[in-house]
Amino acid sequence: MQVSKKLVNSVPGSADDALSGLVACNPAIQLLQGHRVALRSDLENIRGQVALLSGGGSGHEPAHAGYIGKGMLTGVVAGAVFTSPAVGSILAAIRAVTQAGSAGTLLIVKNYTGDRLNFGLALEQAQAEGADVQMVVVGDDSAFTMQKKAGRRGLCGTVLIHKVAGALSEAGASLEEIVRRVTAAAGAMGTLGVSLSPCSVPGSGPTFQLAQDELELGLGIHGEAGVRRMKMVPADEIVKTMLDHMSSPSNASRVALEPGASVVLVVNNLGGLSFLELGVVAGAAVRCLEDRGVRIARALVGAFMTALEMAGVSLTLLLADDELLGLIDAKTTAVAWPNLARVPVTGRSRVLAAPEEGPTVEEPVPAGAASPQVRLVLERVCSTLLGLQEELNKLDRAAGDGDCGSTHARAARAIQEWLNSSPLPTRLSQLLSTLARLLLEKMGGSSGALYGLFLTAAAQPLQSRSDPAAWAAAVEAGIEAMQRYGGAAPGDRTMLDSLCAAAEELRALQAPGANLLPVLVKAVQSAEAAAESTKNMEAGAGRASYISSARLELPDPGAVAAAAILRAVLEGLQSQSV
């Protein structure tokens, strides 16, 4: 078994070090000497209020210490990774808040056997000492369709219980009232998780194995197996499956998602999911719920209760009336609670109409009479770039993110779609300007911006004439714009190496009576030679400039693409001159 790499000082000390790090950066939290306990630094301010203690195993950060603060938890007791905390430490925390003058203590515990036992034992001992202590066990897992003797596991929904209890305590509610209100809230809540990868405890390997094309539905936050494995499908389908499972009438732990219901939605990163994927899931959850007629009163998206680096997500739904929403909205100083918008997600406009485009530089010119040559040349360029997609991606992997070919293919497909749906402008300057706007919108990345700059600037010399000399001037203008804004120069291992080499030959077109095709042949040959020579250059600009030159053994993909475009233009013109 391969042990996972972790940024820790030692496996046994990782929980202590993590808690100490949080406290070191947060003056509002202090450690209880001799115990793995974190408490509010202003304990004197809880006098006369109910103290709220929670906790459990480490590895779920920011839970639980991230929720310490005014309006949420008074303190937490942390165990080792995925291990219930010690009874002695729990009891010490109860004594600390009791001695600070709290009006009773509520223990908020996730439904796991170890947590129930250890917090329960501490409760019994504290009560024997005369402390007023009660415990609420949270079980919000909606994975199992049949009720198990052990009950529903405590998952991310516990964080919402922290928030509700904290708001009630801050408002001066009694211990009995808080217990009653949070018990009702916990019963109107459900959570379901899905994972693409396991987690791994420091010093150990992965907690389970998943094939590359599989995901696990309904797993716990300690790497426990879920209710079933599924094949990978698009995110929309995964989210729909999750919500269907959570709300199915055959599910004994279902959330009653009836049309018209109002919910608080939590989209929780289980630790290793990218924020890009988290956004995709969040959008899918909102759409799916609203399609069911469910009103999303509040939405929280982020990492609230994790399972180390598990690449997965959980959805929590809390059925909430206005009174409960007021508690969710109440202020808190807890660092891990988000700056939540206190307005419903459902029912608001999400799109602002785009501003009208400003007037074009050129007067509108009737379309539809452009030379057939132009269309054939563009088609040849597109087919060339599509054929080079994999080769360009391979070249780009050595010095970039491996998407140069994909980016150029995206541009080619956009041009093809435009060719099939629109007549071409009659004037070449307007054609280049239109292509520039198309690539800026559809191609993306620095390549899209550079091509857009080149075409926009190249269009200017062609406004009044379109003879070969004007084409040479257009290329010079395009290169000058790329250099001015892009910062690269010939010799920097970029597409400019190919373009500048071609421009040198194209200057011959400025001579009276110059023949376009022979000059263009030399220009293409120079561009291809320049592209090949980039493999011997040290990158001076672009992403490749951050890579050791020893790794740059292949030609620059941008230079290769530029030379290929020029070759396609030449071949397109030659095919029509035969």
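Just so it is clear, glycine is given a Cβ too, placed from its N, Cα and C backbone atoms.
Unlike curated entries, TrEMBL annotations are predicted automatically.
According to TrEMBL:
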ACT_SITE  HIS222  active site, tele-hemiaminal-histidine intermediate
BINDING   GLY57, SER58, GLY59, HIS60, LYS110, ASP115  substrate binding site
DOMAIN    10-337  domain 'DhaK'
DOMAIN    372-571  domain 'DhaL'
8 Å Cβ shell about GLY57, SER58, GLY59, HIS60, LYS110, ASP115 centroid, substrate site members excluded: GLY55, GLY56, ALA63, HIS64, ALA78, GLY79, VAL81, PHE82, THR83, SER84, ILE221, HIS222
Chain-internal residues near ASP115 (substrate binding site), provided their CB is under 8 angstroms and they sit 6+ positions away: GLY55, GLY56, SER84, VAL109, GLY154
Integer Cα-Cα distance in angstrom, HIS222 (active site, tele-hemiaminal-histidine intermediate) to SER58 (substrate binding site): 10
Least Cβ-crowded entry, counting other Cβ within 10 Å, from the binding-site residues listed as GLY57, GLY59: GLY57
Whole-number Å value of the largest CA-CA distance among GLY57, SER58, GLY59, HIS60, LYS110, ASP115, listed as substrate-binding: 15
Local Cβ density at SER58 (substrate binding site) - other Cβ atoms counted within 10 Å: 25
All-chain count of other Cβ atoms within 10 Å of LYS110 (substrate binding site): 30
Which listed residue (HIS60, HIS222) has most other Cβ within 10 Å, given these are recorded positions: HIS60
